[in-house]
Amino acid sequence: MFKFVMEIAGMSLDAMDPDNNASNDTYRIAKLRQHKSEKHKLHNTQPDQPAKRFPIDRSGLRFILRIFDFTAGFAIILIACHLLKIDLLSENLRTSLPYIAAPLFAFLGMRITGAYRFAFDEHPLTHIGRVLLGSSLGVALVHIISLVFNLGDDQLYQISAIVLCGYLGLHAHYAALLRSLTRSGALADNVVIVGATPAAFDLIEKNRKKREMNILGVFEDRLDRAPAAIADVPVIGKVDDLLEWDKLPDVDRIILTVTSTAQERVRTLIDRLRLLPQEVILMLDLDGFSPEKTSIANMVDTPAAYVSGAPKDVRRAAIKRGLDIVVASAMLILFLPFMMIIATLIKLDSQGSIFFRQRRHGFNNQIIRVWKFRTMHPDKAAEDGTKVIQTVSNDKRVTRIGAFLRRTSLDELPQLINILVGDMSLVGPRPHAVGMTTEEVEVHNIVAEYAHRHRMKPGLTGWAQINGSRGPVHTAELVKDRVRLDMEYMEKASFWFDLYVILMTAPCLLGDSKTQR
């Protein structure tokens, strides 16, 4: 009966139990409806405001703290040697090797004892206990090896004590920081729920204890059956209201809690929600369910399947961000003299500001302000996004210096600032202006998968651009081709693929003299 759930999520089943407990569901629905104070019309209660997010999520923070800890261990050794007046360089290898090994083994010991889990519901004292156990085991192993092979000296005990104290002090600060961020919701994803069901009630109740998510509201097409609020989370409106909701760009995930027995309803909802850039996750309410390895999420101890989008690859995101910062900083320093010359030429060529900031769609469809050198005569409407007209051949709005800048894409150089502040990436789908139209139709209405472009940060360059899709898109076919290339990039994206796109950008620009921008 429920096989379609796995088909949608791209999974297969080993075992499942489709039987339902009617009396239990009746009780849960009654429990849910205790919050209903009146027959539901479009609920006017405002949802919780989206939490101000920390720049990275919890898994990303775990990764960074592990890297920091590994580096800090050697800093602790240097401090310890300074305090004990030990010159590591003058010591022989048999003496100094255990000193260097102590923080490394302590780090490995903490990994084994789960000190880097940083779970939402973990008490700080429990965390400190894991740190003490792991680091002690690691240091003890160093001492055992030193005794067996006659390494080190008497000062190894003092070194070990400083290493243990250093790690305990660091992790006490980590625990306090994470506890504060967890309580504020800054490390939690902003989510909305589709489906005013008992499963939604259970999810909200479980989340109260762990605070893994900021649940902003519930949406339900069958408003006549829904309560005004579920466990104090307001039912805001129908799915159509969600699609037009002004807070949608702040949403990270959409969780579908409609019972899996309603197969046709689930299919319909998924087809509608797949058009959004957000991850769409279907809660799995099947007893005895045992899927094979697949794209499974665990939402506050409840199994769920990704039906649109994919789990975040934290390591890849961190590497991509590191590449962005390093390369963008180097490019900004390298091109700064040329940018100053360009700025002077713009002021001499025409009246108006040097820079042009335009409202464009960024990650998760959020509106960002993209920096460019001004290449046209001033147009406030174009900058605000109230009037977006794509350029054409011999466009009279383009200035003399602007024509050269657009042809060589030098007008895009200020977007290095957007990359450094985190609005953009070096490589990704190019950001389109808010309200941009093709053949008098807004581009997001031309291709069903258009919003999928916003599942990653927009780029200074991209796979589409090095394959000839740059400049205006005056026909629906050009829009479709660009979206297709953007989707190809998102499937292939990796560190090495990004490097390839970056290296190919300059040759493609130099060899492209025909594209009108």
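Every residue, even glycine, has its Cβ placed from backbone N, Cα and C.
Per TrEMBL, domain 'Bacterial sugar transferase' is recorded for 320-509.
For the transmembrane segment (63-85), the residues of the chain that approach it from at least six positions outside its boundaries are 56, 99-100, 102-104, 106-107, 110-111, 116, 118, 155, 158-159, 162-163, 166-167, 170, 174, 314-315, 318, judged by C-beta separation under 8 angstroms. Residues or ranges marked as transmembrane segment by TrEMBL: 63-85 (among others).
Feature annotation from TrEMBL assigns transmembrane segment to 97-119 (among others). The list of residues near the transmembrane segment (97-119) in space but at least 6 beyond its ends in sequence, with Cβ under 8 angstroms from a Cβ of it, reads 58, 61-62, 65-66, 69-70, 73-74, 76-77, 80-81, 86, 88, 91, 127, 130-131, 133-139, 141-143, 145-146, 151-152, 156, 159-160, 163-164, 167, 171, 174, 178.
The transmembrane segment annotation in TrEMBL covers 131-151 (among others).
Long-range contacts of the transmembrane segment (157-177) within the same chain, counting only residues at least 6 positions beyond its ends with a Cβ under 8 Å from a Cβ of the stretch, are 65, 69, 72-73, 76-77, 79-81, 83-84, 98-99, 102-103, 106, 110, 115, 118, 124, 127-128, 131-132, 135-136, 139, 142-143. If you look up TrEMBL, you'll see 157-177 (among others) marked as transmembrane segment.
Panel annotation: around the transmembrane segment (325-346), residues 354, 373-374, 399, 401-402, 405, 410, 413-414, 416-417, 419-420, 426, 502 of the same chain, lying at least six beyond its termini, place a Cβ under 8 Å from a Cβ of the stretch. Taken from TrEMBL, the feature transmembrane segment covers 325-346 (among others).
Tertiary proximity for the transmembrane segment (131-151) is limited to same-chain residues at least six positions away from its ends with a CB under 8 Å from its CB atoms, namely 94-95, 97-98, 101-102, 104-115, 157, 160, 163-164, 167-168, 171.
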